[in-house]
Amino acid sequence: FGRMKPVIVVHGGAGRIFKEREEGSRAGVVRAALRGYGILKQGGSALDAVEEAVRSMEDDPHFNAGCGSVLNEKGEVEMDAIIMDGKNLDSGAVSAVKCIANPIKLARLVMEKTKHMLLTDHGAHLFAQAMGIPETPGEKLITERSRERWKKNLEPDSNPEEFQKDLGTVGAVAIDREGNVACATSTGGLSNKLIGRVGDTACIGSGGYADNRSGATSTTGHGESIMKVVLARLILYHMEQGMSPEMAADTALDYMKTRVGGLGGVIVVSNSGEWAARFSTKQMSWATVKDDQLHYGIYAGERHTKSVDEAHVSESEGY
């Protein structure tokens, strides 16, 4: 034990990333990956690493999770999140939660402090209160950009579908020194969604899945399509059949596209420490750290590499 090389992979959502937001998205996933890796490097658990990486992106207004989440039809933020432990298949999730800065923290508490796996809406709110999680006024989570987009989508000639291409769920997967894997995913959902809509993120096997026997994966993209094919579990199934993470991811994404016309992206880590970040959308911001090397990108075929030390320096100087 304690012989595995730790690996973390994060994504900041698949879809279309507008030019003026590219730099912020890149910096955000890199920061999240470095934070998660810092925990793994000190011998911390995969679970702590993915929670910290996702929390970092929830706090970053560039992503559709936590602060910066998109608004539902009524102009409110409703968020979903899930976390899963590959050791014993324990999982915790929350759906349609409001007025909480970090839904991923609440999902972790659902996993560790209740006998349940998924709490929703009002019940999740009561549980958060019982756990002493401070309430964040809904306004605090709403950015100018989310409000602008919401208004645009309300116009009679608007096509919200057009905007859905810029999705921005966030997620992380990791393997720690003990060889345990974990996944975490968090989102504000679809812009102008119906009140009470829950997508794939909070659903085990769709928004994420982790099992030490194969690996861990976190997904992003069109939630309803992801749920139809149970995307996260499907990828691990392909790996159980002997496929590499990259092959398994591509095969599953291709199936989702041909079978239900859905686009998305995934990050994967296998129980042997192999990783992949693949997407069928135009873009997906992603970053990974393995062997003290940071890799990151947004476009298909794009991959920058830096040493972790180099990355920490450029982070403190800004990109």
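Including glycine, each Cβ sits where the backbone N, Cα and C put it.
Listed in TrEMBL for this protein:
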ACT_SITE  T169  active site, nucleophile
BINDING   R197, V198, G199, D200, T220, G221, H222, G223  substrate binding site
Problem - Rounded Cα separation (Å) that holds between T220 (substrate binding site) and T169 (active site, nucleophile) - result: 6
Problem - Neighbouring C-beta atoms (10 Å sphere around the C-beta of T169 (active site, nucleophile)) - result: 32
Problem - Cβ neighbour count within 10 Å of G221 (substrate binding site) - result: 28
Completion exercise
Among R197, V198, G199, D200, T220, G221, H222, G223, the record's substrate-binding residues, the widest C-alpha separation in angstrom comes to 16
Problem - binding-site residues listed as R197, H222, least Cβ neighbours within 10 Å - result: R197
Exercise for the section: Could you check which of the binding-site residues (V198, G199, G221) sits closest to T169 (active site, nucleophile), going Cα to Cα? Expected result: G221
